[in-house]
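Please see the structure below; I have some questions.
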Amino acid sequence: MSKARTSLSRTTVVHLALIAYTLISVFPVFLTLINSVKSRNAIFRNPMQLPTAETFDLVGYTTVLGQGDFATYFQNSLIVTVVAIALVLLFGAMAAFALSEYRFRGNTLMGLYLALGIMIPIRLGTVAILQGMVATGLVNTLTALVLVYTAQGIPLAVFILSEFMKTVSDDLKNAGRIDGLSEYAIFFRLVLPLVRPAMATVAVFTMIPIWNDLWFPLILAPSEATKTVTLGAQIFIGQFVTNWNAVLAALSLAIFPVLVLYLLFSRQLIRGITSGAVK
Amino acid sequence: MGSLQLQSVRKSFGPVDVLKGIDLDVEDGEFVIFVGPSGCGKSTLLRIIAGLEDTTSGSIRIDGAEVSAVPPARRGIAMVFQSYALYPHLTVKDNMGLGLKQAGTAKAVIEERVRKASAMLSLEKYLDRRPAELSGGQRQRVAIGRAIVREPKLFLFDEPLSNLDAALRVHMRLEIARLHRELKATMIYVTHDQVEAMTLADKIVVLDGGVIQQVGSPMELYNRPANLFVAGFIGSPAMNFVEAARLGDGGAKTLGIRPEHIALSRESGEWEGKVIHVEHLGADTIVYLESDRVGLLTVRLFGEHHYAPGDTVHATPAAGQVHRFGADGRAIH
Ligand SMILES: Nc1ncnc2c1ncn2[C@@H]1O[C@H](COP(=O)(O)OP(=O)(O)OP(=O)(O)O)[C@@H](O)[C@H]1O
Ligand SMILES: [Mg+2]
């Protein structure tokens, strides 16, 4: 009986802690959302207040959507993020498979070399990257961003995925080899489905920094046609006047695509965990 | 069809020599069992035969054809793993059929073979389930079914029953013996279980330290072990070893007597000793005794016997059942 009570109080404590954490992390998002539908005066006077009948104002959204190019910015952000995630997952998983599955000379060294990228920020190489992009004529293209983000995401992907791939049973892969599956088929059809939860984790960790990045879009692709949402929202932040309505509206809109992507991946994550692999 | 020849097969992982020159002939239709202590290279040898591992040197012939450079899928072999290794996302039917499908076999043929194999293993009811929805024994039957449908020249089993509980193991053992009779295929089987080895094998291969210690029928190994290692490894409880000098046998270094070849008596016998422990197994009674003359002895008596620790008893080895080993560990006949 006492055991039941302890576990009840323990779950209460755990839940309180989790709820507190949720509130803290959701609060800024909540603030952004409510203020994005308030008039300018209301934002400054009562930032914490929920929008009321008088203060409700969609001017931010009309400005942003009226700007016309915002659809393009969204599209650019989505293209860059989705393509970069796909490439990171594909090449990261392939490299991880090679490193964890095959014995070859320089295996460990190669693993360390790839892990180095986790520790050294890619921004240190900005000048060289820019020079490279100029030389190849890729400045102001989405390709430039995709390439940079792919490079940025691969080290972590290789690191996480190779650990997971080591846990996939050798017998299963060997059974595939005896059944005549090629190494590619073993990778795509046996191993990848089993490391799906890890893939989802990697996808989420890769996605957020890409979506939020301001640095590389500003340097590599600042043209009107290639602007991303984060860069696009900057036009409302002036040196002297900032159009807060528009900034908040743009940020609120920017949350949704990434939220959808996140939900997609986390469903995979949960499904992967609950379905369980067969021994 | 289905013979196998290994000639001086060696395998090293870096500086470690795991297999040190294996020569072995397996004839068509034979049931061969590899036994040996953990880490002696049984699985490695099996994987080399399957083509999952390259040899460092040596030749492997299946049906007379050198297969060292042939990929696993084209060696005409099928393998059953200890961990079942079923494809988790495929149904039982697709698990069994995948190998044939990869080889481009016609659909009707696949259906027919899967039907036959599942009838043989009473798996018909489960064909549309996924491995996660099966019990351990059913999974292992699916794994065996997957091997059968390929109609291989050579079946390879790596400790297929060691994940099952005792009762199921006995059942599957009979099942495998029946399969061997029905399919008349060549089978190579790795196990830790003495009973499996003795009951299933036509021929047992005892491995230790990457070297074949002895090859022979179960009874040959039991009655005429070639060296100390085989003598101690085959048979349970293990053979008693006594220094020959203690018994005045100058021609040998060690004498070996199986526990079941010693008679006990309270009145008289060759070696007097004190009982230190008794195990009652119903059909057998195992008596451990300490004797001044020969040291610690294990004695296996049939039926029930009422000895107790502390009793003084006399042990007598059965005539003609004493194994003699020279200084190099080899048997002297
Ligand atoms: N990939 C590998 N790299 C290095 N050493 C290996 C490798 N695979 C096996 N070994 C070594 O080879 C030896 C034999 O291994 P193997 O798996 O064949 O043993 P086994 O006889 O099947 O043992 P068990 O009865 O425990 O299954 C072991 O000492 C093992 O450490
Ligand atoms: Mg093994």
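Each position is counted from 1, following the chain as shown.
Cβ atoms here come from the backbone N, Cα and C positions, even for glycine.
Automatic prediction, not curation, is the source of TrEMBL annotations.
Annotations for this protein, taken from TrEMBL, read as follows:
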- A:74-265: domain 'ABC transmembrane type-1' (DOMAIN)
- A:12-34: transmembrane segment (TRANSMEM)
- A:78-99: transmembrane segment (TRANSMEM)
- A:111-130: transmembrane segment (TRANSMEM)
- A:142-165: transmembrane segment (TRANSMEM)
- A:186-211: transmembrane segment (TRANSMEM)
- A:246-265: transmembrane segment (TRANSMEM)
Please give the sequence-distant neighbours of the transmembrane segment (A:78-99): residues at least 6 beyond its ends with Cβ less than 8 Å from one of its Cβ atoms.
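Apart from its flanks, the transmembrane segment (A:78-99) reaches 107, 110-111, 114, 142, 145-146, 149-150, 153-154, 156-158, 160-162, 164-165, 187, 191-192, 195, 199, 202-203, 206-207, 210-211, 228, 257-258, 261.
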Go through the chain and flag residues at least 6 beyond the ends of the transmembrane segment (A:12-34) whose CB is under 8 A from any CB in it; none is fine as an answer.
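Cβ under 8 Å, 6 or more out: 47-51, 248, 251-252, 255.
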Same chain only, please: residues at least 6 beyond the ends of the transmembrane segment (A:111-130) with a C-beta under 8 Å from a C-beta of the stretch. Say none if there are none.
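95, 99, 139, 148, 151-152, 154-156, 158-159, 162, 215-216, 219-220.
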Counting only residues 6+ away from its ends, which parts of the chain sit with a Cβ under 8 Å from the transmembrane segment (A:246-265)?
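Hits for the transmembrane segment (A:246-265): 29, 32-33, 35-36, 43, 60-61, 63-64, 67, 70, 74, 77-78, 81-82, 200, 203-204, 207-208, 211, 229-230, 232-233, 236-237.
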